[in-house]
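The block underneath contains the structure these notes are about, expressed in structure tokens.
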Amino acid sequence: MNNLWKAWVGLWTSMGPLIRLPDGITKAGEDALRPWKSTAKHPWFEIEDNRCYIDNGKLFARGSIVGNMSRFVFDPKADYGGVGENLYVHADDVEFVPGESLKWNVRNLDVMPIFETLALRLVLQGDVIWLRCVPELRVDYTSSAYMWNMQYGMVRKSYTHVAWTIVFYSINITLLVLFIVYVTVDCNLSMMWMRFFVC
């Protein structure tokens, strides 16, 4: 399954706006509050927060940098094993106070199950700073993201994750089928439900 995903990303790389990311820190929670690549000669900025998590296929991230800056570039990328895809954020996801701070709170970004880390390329006062965030995975097996959860488990070879996804998906489908059969077989019950939804 891993080779299939790698081949798919390779094909996507040849077609889409993907870039090669620099090598850097990959351990979760380690060195998240310092850049792994920076052209800044002196550390004139301070990273106050850099966190992210995946919730059923959606990426959420927040962070902040404090320092005397008058201009910035905020360029987040999804890291798919060293290959980065540009992530597009809304203007109101980033808050910039000139001379004081840059804060971001990115929500509901779609990422593929082979997502590894969030790479942030920041240009502050002309200095290029790279941050990396390894996401925490939050799973709700009762959500509608069954395929994403199943693919994530297959890519990570977490077969327990795949099994729980299949179990909850089967329960939901069974309940749906029982409800449809129960309502359509009993005509009186069908009319009652129709009146309920019409009114």
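Residue numbering: from 1, along the chain as shown.
For all residues, glycine too, the Cβ spot is worked out from N, Cα and C.
Swiss-Prot has this to say about the protein:
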- C52-C133: disulfide bond (DISULFID)
- 43-137: domain 'Ig-like H-type' (DOMAIN)
- N68: N-linked glycosylation site (CARBOHYD)
- 1-161: topological domain 'Lumenal' (TOPO_DOM)
- 183-199: topological domain 'Cytoplasmic' (TOPO_DOM)
- 162-182: transmembrane segment (TRANSMEM)
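For the domain 'Ig-like H-type' (43-137), DSSP puts the residue distribution at 3 helix, 64 strand, 28 coil. Remote same-chain residues near the transmembrane segment (162-182) are listed as 141-142, 146, 149-150, 153-154, 189 (criterion: CB distance under 8 Å, separation of at least six residues from the stretch ends). Within 10 Å of the C-beta atom of C133 (disulfide bond) sit 23 other C-beta atoms, taking all shown protein chains into account.
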